[in-house]
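Here's the structure, in structure tokens; my notes come after.
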Amino acid sequence: MGSSESAEARRVSFEMDEEERVRVLQGIRLSESVVNRMKDCSQPSAGEQLAPGPGPECSVPVPTVPQPTIPVLTVPSPSVCGPAEGTYKAPQGDFKVSRAENSDGQQSSAVKEDLKKFQQEQLAVQDELVKVARKEKEATEKHLKASLPKKKATHEQQQSDRLTRELKNREAELSRRDTFYKEQQERIQEKNAELYKLSSQQFHEAASKAESTIKPRRVEPVCSGLQAQILRCYRDHLHEVLLCSDLAKAYQHCVSTARKG
């Protein structure tokens, strides 16, 4: 009899509410805190919802998870709910639920702490990067400002050296051309002297040969007296030249006679 009664007392049936969640347990009375805790357990835990990625730039908001509390279980008296042996299984299930909730809360708390620590480290790293970038920029600007005069002086010195080299090269080229032109001029003068000497020698030889082949002749003027008279007549009678016509005829007759003779 006792074993059959205890077996019947251990049978606990469950019922579903309108939202298909376990709400009513027949054979055991649950306190309001246990019911609320079971409602919370039916929803996905914060540890399951939150899965922070390894990306350094994203910040995942962490939902606030209430701290787990030990549920208070009110066990009815044997006179109301039956034998005490029938109510032995329910507290164990409640403690298991609260223990799972406690572990979920600890996990979410650890995740929250890790995320907070990661965000703090990320902010610190970003601050350090900003400081390093600022220092590098300042150092670069300082180096550029300091190197500008040096670069300018170096550029001017290089330009001066280049112009000096070009001037020396031009002077050397002019000197070489001057020497070349002087040599050419001396050669031309020597050739001209040789040509003049040769031409003079050839001219004298040709003149000597011509003198030896051509006999000299004495030439006397023909009718020189008449020529003098004609010139005097023309000078005295500039406007009456016809008066000198007789002298001109006599001169022509004299020349014709000299040719025939």
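Glycine is treated like the rest: Cβ placed from N, Cα and C.
A quick note: this is a predicted structure, and the numbers were derived from the prediction, not measured.
When the residues S33, S245 are compared with Swiss-Prot, the one annotated as phosphoserine is S33. As annotated in Swiss-Prot, C223 shares a disulfide bond with C254, one of the listed residues C233, C244, C254. In Swiss-Prot, C244 is paired through a disulphide bond with C233, chosen from C81, C233. When other Cβ atoms within 10 Å of the Cβ of C254 (disulfide bond) are tallied across all protein chains shown, the result is 16. Counting residues 6+ beyond its ends, the motif 'Cx9C motif 2' (244-254) has Cβ neighbours under 8 Å at 222-223, 226-227, 229-230, 233-234, 237 in the same chain.
A 10 Å radius around the C-alpha of C244 (disulfide bond) takes in none of the recorded positions listed as S33, C223, C254.
In space, C223 is the closest of the recorded positions S33, C223, C254 to C233 (disulfide bond), judged by Cα positions.
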